[in-house]
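Peer 1: Have a look at this one before I ask anything.
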C-alpha cells in the first residue's frame with residue numbers, strides 16, 4: 001500500500017471517528033439548544049428567585065395541571081385542582097398529592113413538560129418538588145408543593161398553558177447514590 | 001492459503017485465479033467482489049420481496065387472516081432493513097466495484113484486501129438479523145426506523161442482535177466507501193481529470209462521502225439504544241433526563257442523507273445510459289456534478305422534515321420545509337438535463353434505456369409527492385399514512401431499484417460476454433412497469449384518505465384499493481423472476497457480445513473486450 005493511500009485513509013478514518021463522536025455530541029447539543037430556546041416544553045430545572053415583576057392585572061392566563069405516574073410507577077399522583085386562572089406576575093402555590101399504596105418505599109422523580117412549548121420560557125418555578133427526587137415510605141402519602149408565576153412578558157397569543165408532570169420510579173438510582181433518605185424527606 | 005492474490009502479483013498470468021470456493025472467499029479482485037455484492041443483493045432483494053408478499057397477502061383483505069400483528073410488524077421491519085441495507089446499498093457497492101476501476105482506467109480497487117473483508121462480513125450481519133426472527137419472542141418489530149422507546153423499553157432481546165447486525169453493516173459500508181474514495185482520488189489513469197470522470201464515478205464519490213459522514217452517526221444511535229436497553233443509560237428515557245424526540249433527531253440526521261446514498265448512484269447510472277441510447281453527449285455535464293454535490297450538502301439540512309408532527313416550533317418547521325423544497329431545484333436540473341440529452345437524439349429503446357426512461361418518469365412522480373410531504377401543514381395529514389409509503393416506494397423501487405436493473409442490463413454484456421435475451425428483457429420491463437404502478441399508485445389515494453402505515457388491518461372503505469395493490473404486488477414479485485431468468489440465461493450463454501455492444505456508448509469500460517478479462521488496465525490507458 002503506497003503512502004498516498006495511507007494519508008488519505010488516515011484522513012478518512014479520522015472523519016469516521018469524528019462523525020461517531022458527533023453523534024454523541026448531539027445529545028448535549030440538543031439539551032443546550034432546548035434550554036436556550038425553551039422548545040420541546042422543557043422548563044428550567046433550577047428555581048428562579050421570587051422577585052417577581054409587576055402584576056399584570058389586565059389579563060388572566062389559564063393554567064392547566066396534568067399529572068400522571070409512568071406505567072412502572074405505582075404511586076397515585078394528582079394535582080389538587082385541575083386548572084386555575086392567574087394574572088401574569090402573581091405568585092401561586094399549587095399542591096400535588098402523592099400516595100404510595102404499595103408496602104415498600106419508593107423514590108419518585110417528576111419530569112415537567114409545558115405546552116405550548118414556546119411558553120415554557122415564561123413559566124417560572126420558584127420552588128418545585130420536581131427539582132429533587134421524592135422519597136415516600138410504603139402506605140404513606142404527602143403533599144408536594146409547586147410555587148410558580150407566569151412571566152408578564154408572556155406573548156399575548158398564549159391564553160392557556162398546560163403543565164404536565166410525569167412521575168417516574170427512580171428507586172434504583174436513589175439507592176445507587178447512597179444517601180440517607182428517610183430523615184431528609186419525612187412523611 | 002494457496003491463493004496468491006493477484007492484486008499484489010500482477011504478471012503475465014492474466015487469468016490465473018484459484019478455483020472453487022476459495023476463489024470467492026479469498027478473492028481481492030474487484031470484478032469478483034463486485035459479482036459477490038450483486039449476487040448477494042439479488043438474493044436479499046428476493047428475501048425482502050418475499051416479506052413484502054407476506055405484508056400484501058395480509059393486507060389483501062381487511063381483518064386479520066394470515067399472520068398475527070406482531071409477526072406483521074416483524075415483516076415490515078425486516079423488509080425495510082433488508083431492502084435498504086441488504087439489497088439497494090450492496091447492489092450499488094457491487095456496481096461500484098465492477099465499474100469504477102474500469103471507468104477510471106485503474107487495475108483494481110485501491111484496497112483489495114479490505115474490499116474482500118467489507119463484502120464477507122455482510123452475509124454474517126444478515127445471518128444474525130434473520131436468525132433473530134427465530135428466537136423466542138421473535139425478531140425486531142419496531143420498524144426499520146427503530147424509534148425509541150419502541151426499540152428500548154418495549155422491545156424484546158432480539159434488539160441486541162439487531163444492533164450488532166447494524167454495526168456490522170455500517171462497518172462494511174464505511175470500508176467500502178473509504179475504498180471507493182481512495183480509488184477515485186489516487187488511481188485515475190493519466191489524463192483522467194476530475195471533470196472527465198464519468199458521472200457514475202462522480203455520484204459514487206459523493207455518495208461515499210455521505211456514507212462516511214452518516215454511517216458513524218447510525219452506529220452511535222444504535223449504540224445508545226443498546227446502552228439504554230441494557231446498561232441503564234437514559235439517552236432516550238425521560239425518567240433519567242433523556243428525551244425520546246432526541247432519538248428521532250439523531251436517527252434522521254443519519255436517515256436523510258441515507259436516502260440520498262440510495263439515489264445518487266442511480267443518477268450516475270441514468271446519466272450513463274441515457275446518452276448512450278440517445279446517441280448524444282450528456283447535456284450539462286458540469287451542472288450534473290454540481291447538482292449532485294448540492295443535493296449531498298442539502299441532505300444534511302433537512303432531517304427534521306421527518307418530524308413535523310413532533311411539535312417543533314413554527315420557525316424550525318419553516319426552515320426545514322424551505323430547505324427540503326430547495327432540494328427540488330438541483331434534482332430538477334438533473335431531470336431537465338436528461339430530457340435535454342434525449343432532445344433530437346437518435347433514440348433506440350433497448351431494455352436498459354426503457355428502465356432508465358421509466359426511472360426518469362416514475363422517480364419524478366416520487367419526487368413530486370416528496371415536495372407535497374415537505375409542506376408542513378399538509379404533512380400533518382400525510383404523516384404516517386400510505387401516502388408516505390407510496391412516496392418512498394416510488395423513489396426507491398421505481399427509482400433506485402429500476403436504475404440498478406437498468407445498470408445490470410446495460411453492463412451485463414460486459415460482465416458475461418453474452419448479450420441478454422432482448423425479448424425476455426422487454427417482457428420483464430413491461431411487466432415491471434405496469435405492476436409497479438398497480439402496486440404503488442393506489443397507495444397515494446388510500447394514504448390521502450387516511451389509511452395509516454405499519455398496521456395489519458384497515459377500515460373497510462380501503463378494501464378495494466388494497467386488493468388492487470396486493471395484486472400489483474404479487475405481479476411485481478413474479479415479474480422479478482423473469483429478471484432472474486434473464487440474468488442466469490445470459491451468464492450461461494447467448495449471442496457473443498462485442499467489446500462495445502451499444503453503438504452510442506462512451507467510456508473506458510467499453511475499450512476492454514467482453515467479457516472483461518480478469519485483469520484490466522494493468523498498464524494505465526492514456527485518456528485524451
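Including glycine, each Cβ sits where the backbone N, Cα and C put it.
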Peer 1: What range among B:231-256, B:387-412 does TrEMBL describe as transmembrane segment?
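Peer 2: Going through B:231-256, B:387-412 one by one, TrEMBL flags B:387-412 as transmembrane segment.
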Peer 1: Write down the single range among B:424-445, B:490-511 that appears in TrEMBL as transmembrane segment.
Peer 2: B:424-445
Peer 1: Please compute the mean pLDDT of the model over the domain 'Cytochrome oxidase subunit I profile' (B:24-528).
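Peer 2: Mean pLDDT for the domain 'Cytochrome oxidase subunit I profile' (B:24-528): 95.
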Peer 1: Run the contact check on the transmembrane segment (B:387-412) against the transmembrane segment (B:285-308): 3 or more C-beta pairs under 8 Å, excluding pairs closer than 6 in sequence.
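Peer 2: These two stretches do not touch.
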Peer 1: Would you kindly list the residues that approach the transmembrane segment (B:77-98) from elsewhere in its chain, counting only those six or more residues past its ends and only Cβ-Cβ distances under 8 Å?
Peer 2: 30-31, 33-38, 40-42, 44-45, 47-48, 51-52, 55, 109, 115, 122, 125-126, 129-130, 133, 139-145, 166, 169, 173, 176, 180, 200, 204, 207, 258, 261-262, 265-266, 269, 396, 400-401, 404, 407, 411, 415
Peer 1: Hey, which of B:36-57, B:285-308, B:314-333 has the most Cβ-Cβ pairs under 8 Å against the transmembrane segment (B:465-488)?
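Peer 2: So the stretch in question is B:36-57.
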Peer 1: So what's near the transmembrane segment (B:259-278) in sequence-distant terms, Cβ-Cβ under 8 Å and 6+ beyond its ends?
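Peer 2: Distant contacts of the transmembrane segment (B:259-278): 84, 88-89, 92, 95-96, 198-204, 206-207, 210-211, 214, 288, 292, 295-296, 299, 334, 337-338, 341-342, 345-350, 352-353, 355-356, 359-360, 363, 392, 395-396, 399-400, 403-404, 406-407, 410, 502, 504-507.
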Peer 1: Can you work out which residues elsewhere in the same chain, 6+ from the ends of the transmembrane segment (B:36-57), have a Cβ less than 8 Å from its Cβ atoms?
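Peer 2: For the transmembrane segment (B:36-57), the sequence-distant neighbours (Cβ-Cβ under 8 Å, at least 6 residues beyond its ends) are 24, 27, 65-67, 72, 75-76, 78-79, 82-83, 86-88, 90-91, 93-95, 97-98, 119, 122-123, 126, 130, 401, 404, 408, 469-470, 473-474, 477, 480, 484, 487.
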